[in-house]
Amino acid sequence: MSVTTDLKKEPQGGEPAAPVVLELRDLRVFYGAIEALKGVNLTVRRGEVVALLGANGAGKTTTLRTASGMIAPREGQVLLHGERIDGIKSHDLVRFGIGHVPEGRGVFPRMTVRENLQMGAYRFKSVDKADMDRVFTLFPRLGERKSQLGGTLSGGEQQMLAIGRALMGKPEVLLLDEPSMGLAPLIVQQIFEIVKEINEQGTTVLLVEQNAAQALRMADRGYVLETGAVAMEGEASELLSDPRVRAAYLGEGA
Amino acid sequence: MSLSEFWDFLVLGVVLGSLYAVIAIGYTLVYGVLQLLNFAHSEVFMFGGYGGLLALTALIPESTPSGMGSVAYVLIGMLAGAALGGAVAFGLERVAYRPLRRHHAPRLVFLITAIGASFFLYNLAGKLFGRNPLPMPSMYENKKVLSVFGAELTITQVLILVSAVAMMVGLDYVVNRTKMGSGIRAVAQDPEVASLMGVDIDKVVSRTFVLGGLLGGAAGFLFGTNSQVWYTMGFLPGITAFAAAVLGGIGNVRGAMLGGLVLGVVETMTVGLWGDDWRYVGAFVVLVLVLMVRPTGILGERVGRTA
Ligand SMILES: Nc1ncnc2c1ncn2[C@@H]1O[C@H](COP(=O)(O)OP(=O)(O)OP(=O)(O)O)[C@@H](O)[C@H]1O
Ligand SMILES: [Mg+2]
């Protein structure tokens, strides 16, 4: 992986910003009569880590599911490199370079670690050995458990497997839905470090998290969703020091 | 029952059971990907019988073929049966089930549709081919060719056993070792995540039906060769094979094979011990007893798709 640590950082000052990879425009998404997203706007630039925060039920998962084609928006657009991709089915969309690690990990329980990773490369004719090795380098614990069934892995290992599996599809943008959910702080720390590493190796990341402090420390920019709409957005460092964010998501008195 | 009779019935049971196993695979595959009890699979089996029968009737000469000729006709019959079975299964999924999936119909609607499709298909066959049982054109002289522990097997029985085993081995390979199989297993375990990996669920479902249909159709041909072909011939083997799939753990392919063999053996043993009147009693008593102890079947770890 020789590529692009130079693309990574948000340009400072007057430099031109990196090109937009993923853009959500005025997304409105309904579950029956319930309006889960009420006009969400969000952009992700090449090489960024963008954090998407919000309370339970704010619509974070819905946003990711819409971006990866699992749900069609009623109104609004999803754009990848400026081209509309909403309406394309998720199984076709993987070819466009969107990798989605779903909420709850979605590891195939009766497949081995190796088979799960091979599923990640399903869109390719054959499995790239180098990709598999890269996953085992990022997550040595998976390398020790190649033949173990996914369903018997610990929660942390399952999360690693889910991320590794998404990497097997060579995504340009990686959508991560609460990778820290239900994991011990030490494991969360590890996983965040690896996400950082993946990003430095050239993958753009849109990260949904409840764990706001940790997510913002890693992210370039952040969005805060409240009941289906963007309530705040900005540089991660600004959000991190914003008293409203600190009060609502970091458990501090304002 | 003397020892020699015991061996006779055991060997017969294995032959019958291998057929049940092949049919049961069709139920279990479809259940795996859709959680659907496809009761019309018995009619896929029945059409397989007609497929072989029609092809052979059109091609076979007056006098019974021998040697390589016999082999060729057996292959033709089996392929024709498999092809018609696969085609009926494909059409069934397209016409009956896919529209329901589009509209996210509740489970019960699928079940009623399956039963309706079954009625429709066997009545269609009755209309098309008549309601009298038809003998399969004779492809070879059905001699006894093999003796296992003193039990004599006819060519037909050997043919059934050999082809059933070949189909099971082949199917197991496809499901566990090929990319198509990994798509099927992924959809069975988590369809939503499978689609995130680039698996086209519609395609996988369609292929699963066809795979089950090919096997079911070939089994119909073999069954028809052993007895006759008629429009309701799918009913009892179908129910028994369905029971076999449940016995083995529905959704589990190897479980379906095991369940088929067990029920085949139990069925013939029951007949051996208590006579033909009791034929289906033994098998279903075993089914109920096993499910009382292991509600998920012999190899079933869990029902449905939850991890
Ligand atoms: N399948 C569904 N059917 C009906 N309503 C749904 C469905 N999925 C989500 N919702 C509703 O949409 C809203 C947004 O849900 P979403 O899962 O996107 O929230 P979230 O921000 O990811 O929450 P969490 O942090 O708890 O995962 C919630 O009010 C939820 O109840
Ligand atoms: Mg969520």
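The backbone N, Cα and C atoms fix where each Cβ goes, and this holds for glycine too.
Straight from TrEMBL, the features:
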- B:6-32: transmembrane segment (TRANSMEM)
- B:44-60: transmembrane segment (TRANSMEM)
- B:72-92: transmembrane segment (TRANSMEM)
- B:104-125: transmembrane segment (TRANSMEM)
- B:145-175: transmembrane segment (TRANSMEM)
- B:204-223: transmembrane segment (TRANSMEM)
- B:229-248: transmembrane segment (TRANSMEM)
- B:255-274: transmembrane segment (TRANSMEM)
- B:280-300: transmembrane segment (TRANSMEM)
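In summary, the transmembrane segment (B:6-32) does not lie against the transmembrane segment (B:280-300): fewer than three C-beta pairs, each 6 or more positions apart in sequence, are under 8 Å. As a quick check, the transmembrane segment (B:104-125) and the transmembrane segment (B:44-60) clear the bar of 3 or more Cβ pairs under 8 A, pairs 6 or more apart, so the two touch. The stretch from B:44-60, B:72-92, B:145-175, B:255-274 with the most CB pairs below 8 A to the transmembrane segment (B:229-248) is B:255-274.
Same-chain residues lying 6 or more positions outside the transmembrane segment (B:72-92) and placing a CB less than 8 Å from one of its CB atoms are 26, 38, 40-41, 43-45, 47-56, 59-60, 65, 117, 121, 136-137, 139-140, 159, 163, 206, 209-222, 224-225.
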